[in-house]
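**Q** Straight out of Swiss-Prot:
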SIGNAL    1-19  signal peptide
BINDING   40, 41, 57, 65, 103, 188, 189, 241, 335  beta-D-fructose binding site
ACT_SITE  41  active site, nucleophile
CARBOHYD  49  N-linked glycosylation site
CARBOHYD  67  N-linked glycosylation site
CARBOHYD  111  N-linked glycosylation site
CARBOHYD  112  N-linked glycosylation site
ACT_SITE  241  active site, proton donor/acceptor
CARBOHYD  254  N-linked glycosylation site
CARBOHYD  300  N-linked glycosylation site
CARBOHYD  398  N-linked glycosylation site
CARBOHYD  430  N-linked glycosylation site
């Protein structure tokens with residue numbers, strides 16, 4: 001569909017052409033959000049035939065959680081998205097829903113191991129959690145209990161536009177493994193991928209309340225064998241869900257390691273309330289994941305956090321990309337207040353897609369993330385603001401105007417005399433409304449302060465300050481890249497080893513910024529601000 005000016009897009013619905021406007025207050029201009037209604041976890045991320053598919057948890061009937069189906073959008077560059085019809089519509093939607101389609105993943109079955117392919121067409125196979133709100137006998141003849149969660153599959157022969165559920169045998173993994181059968185209400189979120197070394201399909205799924213992951217293998221995506229378990233380890237403050245398992249390059253060389261990601265709700269990073277995502281680095285032999293010793297901590301609260309902010313959850317990885325091109329997307333919201341954020345007619349957006357790799361930092365294999373969009377198509381190389389300061393005195397610099405959507409590159413010396421250095425963003429003219437992003441030199445921490453960021457009235461925990469550890473680089477320099485949209489701030493620190501993601505809801509005229517050094521001088525400061533255009537234009 002050809003994009004139109006003024007953030008209007010033309011869509012066909014039931015034979016009627018209409019225009020949709022992506023210019024509402026708080027509507028992200030370079031983050032994906034559905035035209036309308038509720039969205040949560042990214043699902044079925046698949047790169048196939050030059051197209052990035054983004055499926056997502058979606059309520060086709062309203063702006064709150066319910067009627068959970070799979071929405072669908074596609075892109076050629078992870079930047080400009082086209083929303084497609086609902087891919088998997090809750091069974092019975094419009095009357096009595098008997099099955100919802102909870103989170104899952106998708107693969108291209110290029111060798112047609114499933115037998116779903118016809119006439120030379122490669123089947124795309126989605127694996128998802130069937131949630132049954134009522135006890136029933138299914139078309140396959142299987143019986144399920146009220147509120148049961150089971151793993152099912154569906155396939156597409158038209159590159160993901162329409163899907164057929166495998167009713168003859170669904171669910172293909174009906175129950176949690178022994179001895180955890182009692183956990184049938186908390187068995188969900190399968191992540192499936194092809195393991196080339198063993199020539200098997202592998203799926204990892206969550207036994208949520210027990211903080212365990214169950215790993216299965218299959219030859220055909222239909223018949224599954226339990227091969228191992230993982231957990232509990234590290235943070236266990238809430239349920240484990242939305243797991244992932246991916247191989248990543250280490251130090252840009254020939255060596256690799258495997259990474260498990262797992263959502264946690266509640267019990268997110270220190271200082272947050274609600275959900276978060278942790279990760280483990282280790283080895284995977286096709287059946288068993290063995291974590292590295294330095295990725296596991298004593299107790300049940302310390303973790304390797306994928307993001308230290310409050311609004312990055314249910315991160316999922318793309319199938320179909322090469323080892324060096326791995327990309328994850330996270331849900332940019334939080335279960336603590338997600339149903340109450342002040343947006344309309346949609347609720348929730350996705351975070352910027354992130355390129356993932358591992359680097360040895362402080363002798364430890366560490367996840368590093370970089371923002372992955374077609375930046376040259378939406379941002380100029382020439383900054384709208386560029387300043388350097390050999391020494392920035394205590395106090396604030398003159399105000400500059402940024403607009404609502406922009407990127408900030410900041411660097412400064414870790415040997416500065418200041419206690420903190422920060423930039424105030426999305427600020428009102430008198431700076432009574434502002435979001436602060438900065439660095440605490442003594443604690444060696446990034447911080448993001450949204451206590452005065454705009455509308456914080458919808459949840460008592462929203463107005464808060466968040467921190468993430470960041471050691472200066474080998475030259476003693478601290479580097480931050482900050483991406484600001486109409487209702488979000490995403491901070492990438494250092495090489496991407498520390499990120500913080502937070503929603504904000506500022507006034508539309510809060511378009512000012514300034515630098516501030518507190519408790520002394522900040523040395524060798526460079527600040528560049530780049531305008532980012534709307535992807536909907």
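In case you wondered, yes, glycine gets a Cβ from its N, Cα and C as well.
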**Q** Is any of the recorded positions 41, 67, 111, 254 within 10 Å of residue 103 (beta-D-fructose binding site) (Cα-Cα), and if so, which, in sequence order?
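**A** Within 10 Å of residue 103 (beta-D-fructose binding site): 41.
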**Q** I want to verify one value. Collapsing DSSP to three states, which class is residue 49 (N-linked glycosylation site)?
**A** coil
**Q** Any idea what the Cα distance is from residue 111 (N-linked glycosylation site) over to residue 57 (beta-D-fructose binding site), rounded to a whole Å?
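**A** Cα-Cα, rounded: 28 Å.
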**Q** Near the beta-D-fructose site, what residues other than 40, 41, 57, 65, 103, 188, 189, 241, 335 in the same chain have a C-beta no further than 8 Å from the centroid of the listed C-beta atoms?
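**A** Not counting the recorded site residues, we get 102, 242, 263, 314.
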**Q** Cβ distance under 8 Å to residue 189 (beta-D-fructose binding site), same chain, sequence separation 6 or more: which residues?
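**A** Sequence-distant Cβ neighbours: 41, 102, 103, 104, 129, 205, 206, 241, 242, 243.
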**Q** Find, for the listed recorded positions 57, 254, the residue with the lowest Cβ contact count at a 10 Å cut-off, counting only other Cβ atoms.
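**A** Relative to the other recorded positions in 57, 254, 254 has the fewest Cβ atoms within 10 Å.
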**Q** Report the same-chain neighbours of residue 67 (N-linked glycosylation site): residues 6+ apart in sequence with Cβ closer than 8 Å to its Cβ, ordered by sequence.
**A** 59, 60, 61, 90, 93, 97, 100
**Q** Considering Cα atoms only, can you say which of 40, 112, 300 is the nearest neighbour of residue 254 (N-linked glycosylation site) among these recorded positions?
**A** 112
